[in-house]
Amino acid sequence: MFHGKHPEGLSERGRALLLEGGKALGLDLKPHLEAFSRLYALLQEASGKVNLTALRSEEEVVVKHFLDSLTLLRLPLWQGPLRVLDLGTGAGFPGLPLKIVRPELELVLVDATRKKVAFVERAIEVLGLKGARALWGRAEVLAREAGHREAYARAVARAVAPLCVLSELLLPFLEVGGAAVAMKGPRVEEELAPLPPVLERLGGRLGEVLALRLPLSGEARHLVVLEKAAPTPPAYPRRPGVPERHPLC
Ligand SMILES: C[S@@+](CC[C@H](N)C(=O)[O-])C[C@H]1O[C@@H](n2cnc3c(N)ncnc32)[C@H](O)[C@@H]1O
């Protein structure tokens with residue numbers, strides 16, 4: 001349902017790109033074209049007012065926001081009504097595209113910047129996404145609250161922090177047996193090398209590292225799966241800002 005005026009949605013070319021890219025990912029996005037078109041319109045509308053995302057052209061938004069987010073679906077982790085956290089969601093990525101295509105997921109999108117959370121709240125409302133909620137807060141604080149600590153089956157994060165930092169922020173949110181996915185660019189080896197002992201400290205272990213190429217642009221991406229093997233010790237995450245200033249590796 002639309003509320004108020006907004007610019008045009010995706011052009012015919014944008015829709016064709018989205019369908020083609022979806023196909024390359026093994027997805028039929030036809031039933032979701034309208035939702036992505038509305039999300040694009042909202043991003044365009046908001047970009048005139050606040051600095052939500054650096055991406056502007058329609059092709060960039062389709063490929064680097066929508067399709068990049070949907071690469072998550074290459075992993076067999078999204079069946080059923082799982083509770084999913086998108087940490088550092090910004091303007092709603094990867095969480096909103098994931099929720100559009102897998103509506104049965106129960107999604108919480110968190111960001112430390114209030115204006116970004118306000119945008120995501122509005123997108124959830126306009127797109128009519130049931131079972132999605134935007135939350136303003138820092139991972140270091142929320143991960144210590146009942147209702148969030150060890151309360152998610154899945155967690156995702158794109159472009160939030162290096163893996164050493166991200167592990168400390170994501171793993172406390174996961175229930176034992178759960179999995180987090182860190183979305184990374186072309187180079188991941190250097191970040192992976194020192195990770196295993198840190199993961200062990202946090203009750204985690206390294207799962208699959210899936211190398212893939214972004215549809216249409218061909219850019220290299222990596223999906224790094226962090227598995228929750230045991231409860232995270234209560235010392236983690238440390239106080240706000242400490243994981244970033246003094247990474248565990
Ligand atoms: C570069 S943006 C990426 C946004 C989005 N995930 C994307 O890929 O387009 C990083 C976001 O993470 C948020 N962030 C960074 N550290 C955070 C923390 N400790 N808790 C919550 N949000 C955090 C920032 O506010 C920012 O919006």
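The backbone N, Cα and C atoms fix where each Cβ goes, and this holds for glycine too.
Residues G88, F93, D111, A112, T113, A139, E140 are given by TrEMBL as S-adenosyl-L-methionine binders; from R56, R74, R158, that same site also lists R158.
Of the listed binding-site residues A112, A139, the Cβ environment within 10 Å is emptiest of other Cβ atoms at A112. Comparing the binding-site residues D111, E140 by how many other C-beta atoms lie within 10 angstroms of each C-beta, the top residue is D111.
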